[in-house]
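Q: Handing you this structure, nothing more for now.
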């Protein structure tokens, strides 16, 4: 996600500044525009790793509950369809950006610029006049999405930390399936969120992307190790799914849609990744290979996880794992990975907001404002997590609001605006309109259902508290 952060930081600077020399720290942020390709670019394997990393996070662990919300048959099929549709929208965005780059004779345009330039050339005079708001809209949606991710990270880490601490006295070396027992939490989950808060504030003070890349590597190692243990467990002794519904209620399906879109939030980083490659023409192969791996992983984990735990499936599959030290280590490893990934996700909105805030004060106050804004944004994500302590519903809400717009609605509309005057076929036009309508309907109804669930008592649906399972 550091690449994505560089993309949107450079978006706020003038295009002329791209050719100017800069200091070592600033060039590390805007490097994607200074050297779009060449010896310093990414190899195919490096690009593939970045692509996988940016698509695999806490949303992956919520997929078993998403399949439960859709049904054992409808869930995997819908997940495949949404995955294919999302990849198609990524390809649309790549084609639109390439077309605009050639038309405007620019080396590279990012997501926000593509939206702005496309509006500048559209037939409607009002849209041409307000084209810059297209870039602002994309940046705003990205801020909402990334801070939403960070709020989800707070809940995820607090959930798992609470379970590890408060079950330590009953944790054994024998790994057996969890039993449903009544366990009153010793400390409120909000206490654990506040415990994590100061450490995350210190973490986001690190602004050097080279240092963050070390944490990124550590996050990758812990994530791979925890995923291996999760699959090792859920593939053992899967009960026959005769009592699991093939199709769930349509209301819960709306929650599935938001969760699925949340997990496929990768459309914003395809442009900077392609621009960073040594051979950008190879990116299409990397995209299809990487997203195929992601889709297969999503379907298998979601389906097998729901078949394994059935009606007891929790908002995060780690909360269903046996109460033994081996699988407690899974929660620890994944939480460590998420902790360090927080800084990478946070880097994106920080590089959009902080330059503007710093520009409003004198140089003497720049550092103070920088650190204050970073602390304030972390506290904002913590407060959001405290006010809405429902991991599954927040994932669905964030996915419905901003992820559907970035991943589905805007790419389809961009293709219409850019290519409509260039003999666009009726089939392509109808396809883009259908994608936009689907994304809009999913956004509206997904928001409604998530907000409705949030207004219900905690026992109306499954809570995320560790007190449910002992």
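Even glycines carry a Cβ here, placed using N, Cα and C.
Reproduced below are the annotations present in TrEMBL:
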REGION    11-34  region 'Disordered'
COMPBIAS  14-31  compositional bias 'Low complexity'
DOMAIN    42-450  domain 'Amino acid transporter transmembrane'
TRANSMEM  73-96  transmembrane segment
TRANSMEM  136-156  transmembrane segment
TRANSMEM  189-206  transmembrane segment
TRANSMEM  213-234  transmembrane segment
TRANSMEM  254-273  transmembrane segment
TRANSMEM  285-305  transmembrane segment
TRANSMEM  365-388  transmembrane segment
TRANSMEM  394-421  transmembrane segment
TRANSMEM  433-452  transmembrane segment
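How buried are these features, and what lies next to them?
A: Sequence-remote contacts of a segment are chain residues at least 6 beyond its ends whose Cβ falls under 8 Å from one of its Cβ atoms, and for the transmembrane segment (73-96) they are 63, 66-67, 111, 114, 118, 246-248, 253, 256-257, 260-261, 264, 266-267, 270-271, 274, 283-284, 287-288, 291, 294-295, 298-299, 302-303, 306, 407-408, 411-412, 414-415, 418, 432, 435, 438.
Here the transmembrane segment (254-273) has long-range neighbours at 1, 3-4, 6-7, 32, 42, 47, 50-51, 54-55, 57, 59-60, 62-63, 65-67, 69-70, 75, 78-79, 82-83, 86, 89-90, 93-94, 97, 108-111, 114, 142, 145, 149, 248, 283, 287, 291, 294, 298, 392-393, 395-400, 403-404, 406-408, 411, 442, 445-446, 448-450, 453, meaning same-chain residues at least 6 beyond its ends whose C-beta is under 8 angstroms from one of its own.
Listed by sequence, the residues of this chain that lie at least six past the ends of the transmembrane segment (394-421) yet keep a Cβ under 8 A from its Cβ atoms are 58-59, 62, 85-86, 89-90, 92-93, 95-96, 99-100, 111, 114-115, 118-119, 121-123, 138, 141-142, 144-145, 148-149, 151-152, 155, 254-255, 257-268, 315, 384-385, 388, 428-429, 431-433, 435-436, 438-440, 442-443, 445-447, 449-451, 454.
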Q: Look over the recorded stretches 189-206, 285-305, 365-388, 433-452 and say which has the most C-beta pairs under 8 A to the transmembrane segment (213-234).
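A: Answer, by Cβ pair count: 285-305.
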Q: Counting Cβ pairs under 8 Å to the transmembrane segment (365-388), which of 189-206, 285-305, 433-452 comes out on top?
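A: Top-ranked stretch among 189-206, 285-305, 433-452: 189-206.
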Q: If we skip the immediate neighbours and take only residues 6+ beyond the ends of the transmembrane segment (433-452), which ones have a Cβ under 8 Å from one of its Cβ atoms?
A: 85, 89, 251-252, 254-255, 257-258, 261, 393, 396-397, 399-401, 404-405, 407-409, 411-413, 416
